[in-house]
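Annotated domain 'EB' per TrEMBL: 64-112, 219-265, in sequence order.
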Amino acid sequence: NKGSICLRGRCRCHPHYAQIIDDKRGNPRCKRLPAKIGQMCTTKCREPLFCRSGQCQCVQRGTTTLVNGQCISMSRVGDRCTRHYDCSAPFSACLNSQCVCISGTIQQGLQCIAKPACPLGGIPGNECIRKANQHMVENFVDGADDCPLGQVCITIGESSMGHCCPKVCPLGTLPEFNYSCDPTASIRCPSDTHFCHRISDGGFSQSLCCRRPCNAMAPKALYINGTCMARGQLNSQCTANEQCGGGESMICNRGQCECLAGFHPLVDPVTHPLRNPSQTCTRDCESEALSRDTTCLKPGRCQCKCGFKMEKQRCIELPPSPTTTRQPSGTN
């Protein structure tokens, strides 16, 4: 029935309801309790309100207080509750009308304890304070927290308090703190042997200079499944789809990179079938009536390139811009 829940194998009325006897059929049913201050009542109101003199009233005592015209009960772990926000202890929630610790935490007395963890891996360090502002997310500054070198302050939500966690690279190698990923730095991260990896805790981010598993200038510069492999281009040899442009527009078919269905070789003024064949694929356009002086946008629409205009379903090269030559001044 409406307002009933199954508790310990029996149907009972929800805490927001009270059991009454139906006048017509004589059967028990659940009736919603009055829940507003001043609302008429007979014997009981929705907690934490009390029924006094036929009206629901907020009795401010203990953990019950009046906030913005609402009667709020700020319950601790083990106390009775009706809503999740009634439980004021960190990491607690209202379950079966009682404040309990949420999953992943440990109850110690009247508190719920959550062990600090590092989302990027590693052992959590000391407590820290985040000093940087939110607008510095893309331009991380030096001295943004009080963690030691090689660690970053991981905070929770909008809080400035957190704990230090080690800065780690994707493959577990240590970052090169002598190099910088700032494009204006004097000693930049070398792109042939290293790469810039961005780490983030959800609100702030910064880049680390990490070692490449494969040298970017080597013939086999692509790291796939623990092996250094050659980057594949259109019609080149391959053994994995990831070699062929990351598998986004090409596929490795019978040991050769081919365009996926819905894609075709990219042709531009620089390419030539023999001397300089196309190396990548582009998405097919809906209309093939346009000339090769077009470009295909992501939604599948063709438009003329810069320097051309569309005329009768073709791209016509625009005439050069008129120039004016200043006449030399006459001499007397």
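We count from 1, first residue shown onward.
Placement of Cβ uses the backbone N, Cα and C atoms for every residue, glycine included.
TrEMBL annotations: computationally assigned, not manually curated.
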Helix, strand and coil totals (DSSP H, G, I; E, B; other) for the domain 'EB' (64-112):
3 helix, 24 strand, 22 coil
What is the three-state DSSP composition of the domain 'EB' (219-265), stated as helix, strand and coil residue counts?
6 helix, 20 strand, 21 coil
